[in-house]
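Lifted from Swiss-Prot, the feature list:
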BINDING   ARG27, GLN28, ALA29, GLY30, ARG31, ASP77, TYR154, THR209, HIS327  substrate binding site
SITE      ASP77  site 'Transition state stabilizer'
Amino acid sequence: MTELKNDRYLRALLRQPVDVTPVWMMRQAGRYLPEYNATRAQAGNFIALCKNAELACEVTLQPLRRFPLDAAILFSDILTVPDAMGLGLYFETGEGPRFTHSVTCHADIQRLPIPDPEQELGYVMDAVRTIRRSLRGDVPLIGFSGSPWTLATYMVEGGSSKAFTKIKKVMFSDPAALHLLLDKLAQSVILYLNAQIRAGAQAVMIFDTWGGVLTGRDYREFSLRYMHQIVDGLQRESEGRRVPVTLFTKGGGQWLEAMADTGCDALGLDWTCDIADARRRVGGRVALQGNMDPSLLYAPPARIEQEVETILAGFGQGEGHICNLGHGIHPDVPPKHAGVFVDAVHRLSVPYHR
């Protein structure tokens, strides 16, 4: 593989010295970019875009042509894993993801296969390999998966949910069934992420979008336990260097210590978490990623720069910070404002690395 020209992101994940704070944005390849919308229209729909390695590569690279980002992230979707288990993923306009088949009982869970990532998810590996070749070592490539708990919520609910009543009904009435599902998903995610690493991903991230809807006790039992299982099962070295892993639980700021105990390299923070407090609590053990409110990108440029300075000052001097949004960028944000954010991170962070 080509030697990496900019390894700032990987170094920061391992709390090694960098010249400026690295930055990337969750959903940086997305609907806020007109060129993304044109490529998606060319593909026909979102799923077709994910399954076409050349077009998935194109949209992965689009934000890097506009902004001096320090990492690329694979263009895909967290729901590729349940789709590969036979649930039939599709998207309703204005409704988000849906499954043709939901998981409703113990027998459904027992029937679920553990997908072979080189077969049922081979299109993802093709995309990873295509992106790595096209990056030519400019920046590292991040692979990712959803967490078992988050994937299970979509599988049991049949799609997006506001109240999570169906999965919580299973959790409280038949916890053994839910544990069986979560264990199958953890095994599937280990295989999936390790295949991404073999295909060329240089870091991986686990998105636990819905862990924050649980109580602390239930979070440890039904979400964190299975992310820990994944971290333990991951290939942590490739191409002669460590492959860092980041955990991100939206709404998980109260559980940072327990998350750091998994042995991950970094924690993603949402915007409700104070980064100075997070560093005091776990900064000696893990790097921190985040954590500007994505809605701040609607603000005038001066306000965006002010917020970047506040976050950088909150983390303070030294290593182990990757600047990012606290969740995905909104589709109607002006691309110019995303550029202001990225440029401000690099320019304003210089004094923190002397």
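Residue positions begin at 1 at the first shown residue.
Each residue, glycine too, has its Cβ placed from N, Cα and C.
Projection of Swiss-Prot feature records onto the structure.
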residue: ARG27; record: substrate binding site; contacts (Cβ under 8 Å, 6+ apart): GLY328, ILE329
residue: ALA29; record: substrate binding site; contacts (Cβ under 8 Å, 6+ apart): TYR36, VAL59, THR60, GLN62, PRO63, ILE73, PHE75
residue: ARG31; record: substrate binding site; contacts (Cβ under 8 Å, 6+ apart): ASN37, ARG40, PRO331
residue: ASP77; record: site 'Transition state stabilizer'; contacts (Cβ under 8 Å, 6+ apart): PHE46, ILE47, CYS50, LEU89, PRO97
residue: TYR154; record: substrate binding site; contacts (Cβ under 8 Å, 6+ apart): LEU79, PRO82, PRO97, PHE99, SER160
residue: HIS327; record: substrate binding site; contacts (Cβ under 8 Å, 6+ apart): MET26, LYS250, ASP270, TRP271, PRO294
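Among the residues the record lists as binding substrate, namely ARG27, GLN28, ALA29, GLY30, ARG31, ASP77, TYR154, THR209, HIS327, the two farthest apart have Cα atoms separated by 23 Å.
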